[in-house]
Structure formats: structure tokens, C-alpha cells
There are 2 protein chains.
Amino acid sequence: MKKYKGYLIDLDGTMYKGTEKIEAASDFVKALAEKQIPYLFVTNNSSRTPEQVAEKLTEFDIPTTKDHIFTTSQATANFISGKKSNASVYVIGEEGIRDSIVEKGLQINDMNPEFVVIGIDREITYEKLSIACLAVRQGATFISTNGDIAIPTERGLLPGNGALTSVITVSTGVQPIFIGKPESIIMEQALKVVGTSLEDTLMVGDNYDTDIMAGMNTGLDTLLVHTGVTTVEMLQSIERKPTYTVGSLEEWIEKM
Amino acid sequence: MKKYKGYLIDLDGTMYKGTEKIEAASDFVKALAEKQIPYLFVTNNSSRTPEQVAEKLTEFDIPTTKDHIFTTSQATANFISGKKSNASVYVIGEEGIRDSIVEKGLQINDMNPEFVVIGIDREITYEKLSIACLAVRQGATFISTNGDIAIPTERGLLPGNGALTSVITVSTGVQPIFIGKPESIIMEQALKVVGTSLEDTLMVGDNYDTDIMAGMNTGLDTLLVHTGVTTVEMLQSIERKPTYTVGSLEEWIEKM
């Protein structure tokens, strides 16, 4: 069995389920820490800051600092800054994406912005969507933090950022650049942050369509854990399998 | 030249342009009134009541009572009531659609509704979209007043109801039943209201993709007027032409 020198790890469904603990997750990450194997949590959640995400993991007894977190908001800010430093950006979204944009030295602006970014925004308004549509029609580059269609909550599946994004896509006819999983944009950046090579890094997650596809799209080996979205039955009908599959991350610890 | 016994007529781009008068429109409708030819204005606007629409036309010197107006909100309420009288309906939308739903004796309800209806709502919120998504996932019939992707305003093209509708479509994977033009649902109802037969009724409008397609989808003869969306150049590349085309409705008066 190949020994991986770095791990990229999904959060919801892999490290916890909503507000619920996944027992093996804590031991899994502690084993990585003990063996001094670098790991980075890669999340499509654009609403929280890395500090807030780290705090939640710590509560689940998973050894985490903010430097172990890589959000699609950080990836989005990096992506824009790579296209143009100091760019002006119109932002729809919550604290996580706003913080990342500002920290990267980009200018938040609703008048003739060069970029329009949308992340999940539970205070979405018609005016915000209007400003975004007008800017995209005027040529602003249209970016979406992620295409997730739904967010699991205790009430059921609520609209995800991919669903909100479609207002602008449908109205303007312009397709966004998606940054988050399953796109390789977030993964290639995460790989640089974790600091290991493509061949020596494993992508770990519970969702075939986002986590595993993200790994595959980037050329990484993948480990699917059946504690979240993708069940054993669902995987049967999928042709291109993950590199490895486990029922619980507990099973993987001895293979590290 | 065939003489039509009834007219279905579009509003924006045909009778006026936003807040601007279209000169020939008033004479055209006055000629219909003089000849006692029944006419009905058919609109995808779900936000206004028939009274409010009639008032606007009267200001443009177009002879109109509220009974000359048929909105997609009225068609939507009729459609639901035809499926189930007293049905419970969760409504996203403005005054026009809410009024029509209530007038038809349907129950507005956000708990386990049998139908979810979305019309343009410039006070859209994440909570409204969430309630709609949850209800559609629980099996409520999903209806959209119209699929218009954009609304022309003095600021530019703002998101239309078709764009807002896509949040629910994308998030739930359920396609709505669209009621407004170019669908035949609104047209078949309008035909009953105007009271003339399919063969003897003409659909008049400026927009090939909505008005003319609505006529064609219903089996009506169509008259395209080049005072709005569809230009002479645009029409050249379209294979299936309207029955008649004029530059101004003035040209049609002698043919009534």
C-alpha cells in the first residue's frame, strides 16, 4: 500500500455530519498529526472564515488551527488576485468570502466592478442580484465560489450557492467560473498550501460528485469514505471508481 | 385578406415601450373598438393587477377596462383552481399574483402547500426560496407564472421571473409548469375570455420568442409588429415566420 505524504480532507460528511460527530474522524486526524503528515481541510463553504471553521473542528476534538483550513473563499480571492491584483469586485456573499476578498487586497465595489463573485448569501436580495446581472452584462468576469445545489440543514435541503448563481447565469446567459470542488481550481491551490506533490497526496471525502471528482479532475488519488453522501449502492453504478473506498476512516489509520 | 373576429394583444413593445408611447397603438385599439371587434391584452406581467394595467393603458389613450386585461397571474390562478379548487398555495410574488390567487378562492399557505407558485418578486428572500424548495421536494406542484429571463428597465436588464425560478429548479431538480407566453396555457384561457374561435383570432405582439411563439404553439394566426424586441434583421434568420409582419400597427388598421 502506497504511503501518502500529504492529505486533503473534506469536512461535512467526512469529519462531522452537520452538528453530529463522526467518531473515527478525530482519531484519523490525530494519527496524521502524530505521524507529522501534513493535512489540509478543503471546503466549499464560503460563508465562514478559516478561524470559524477551525473552531468548529476543535469542538469535535479534531486537531486544527486556521492554517489547516482552505476555503473556496480563499481560493476565489487568490484566483482573482492572480488575474489582477487590486481588482474591483462586486461580492454577493457572507462573512467568509467578504473577509477573503478584503484580506487579499481586492476592492469591494458595486460600481463598474471588474469581477462579480457570488457565494451563499442568506440575505440575498433582488437588488444584489440586479447589480450582479448589470455588471456581468457590462463585461465583469463572473465567478461563483461553488456550484452546490443544496445545503443540508435540520429543516431539509435548502438552496445552495449553485442555485443562487443560476439567477445570474439564466438572466445574462453568461456561465460563471466555478472555483470550489469538483473544479480543479481550488484543488491545485490546496495542493500548493499542503506542500506535497500530486503523486504523494491523497484526497479524502464522502461525496463522489464533489470530493472524489475534484481529486480526479486534478489527477490526485482519492479515498471515498461512506459516512456521508455517497453510499455503497450509489457507487456501484459509477464507472470510474475512487482509488480507495472505506466504510470508516478508522480502517485507513493502519494504512497511513 | 382574412378579417379576424377577435384580437389577443401584447403590451410592452406593442402598445407602449416602458414609459414611452407607441403612437399607432391608440389608433389601432380605437379602430378595434369602433368596429366592435373584441380584444384582450395578454401579459406575462404577474406583479400588477388587471386594474393597474388598465390604468396604465388608459393613460396612453388606449381604450381599456380591467376586463380587457388578461394577466399570467389570472391564468395561473385559473390553472391551479382547475386542478383543485380551494387548493393551498405557497406564493412568491407581488400584488398581482397574490390578488389573483385569493380572488380565485385558493388558500395562501406556507405549511405543506399543494402548489408552489413563483412570479417576479422584488422582495425575494432566501427564506422564501427555502420554503419553496422544501415544499417542492415534499411533492408540491411547482408552477411559474412565466419564464422571462430579464426585465427591461432604465438601469438595464434586471433579472426576470425565469431567472428567479431557476433557483428552485436547480436546487430541487424539478422543472416548473410555466403558464405565461410562449406557453399555450395562458393563450387557451385568453381565447376563451375573448370569446372568438381559434381560426378567427389573431395574436399581435413584438416579441417573436414569446408573443409569436405563444400564438404558434396555440394554433393562432400571428401578427408581428417591429416596434419592440424582434427587428426585421432578427426575423430574417428565423425559419418559421409569423402569419403577418408590419413596421407599425398603423399599417394594419385598413386590414381589420
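Backbone N, Cα and C define each Cβ position, glycine as well.
Together with A:Asp10, A:Asp12, TrEMBL lists one candidate of A:Asp148, A:Asp200, A:Asp206 for binding Mg(2+), that being A:Asp206. There are 24 other Cβ atoms within 10 Å of the Cβ belonging to A:Asp206 (Mg(2+) binding site).
Cβ-based neighbour count (10 Å, all protein chains) for A:Asp10 (active site, nucleophile) stands at 25.
Long-range Cβ proximity for A:Lys181 (substrate binding site), meaning a same-chain Cβ under 8 A and a gap of 6 or more residues, is found for A:Asp10, A:Val42, A:Asn44, A:Thr72, A:Asn146, A:Met187, A:Gly205, A:Thr210, A:Asp211, A:Met213, A:Ala214.
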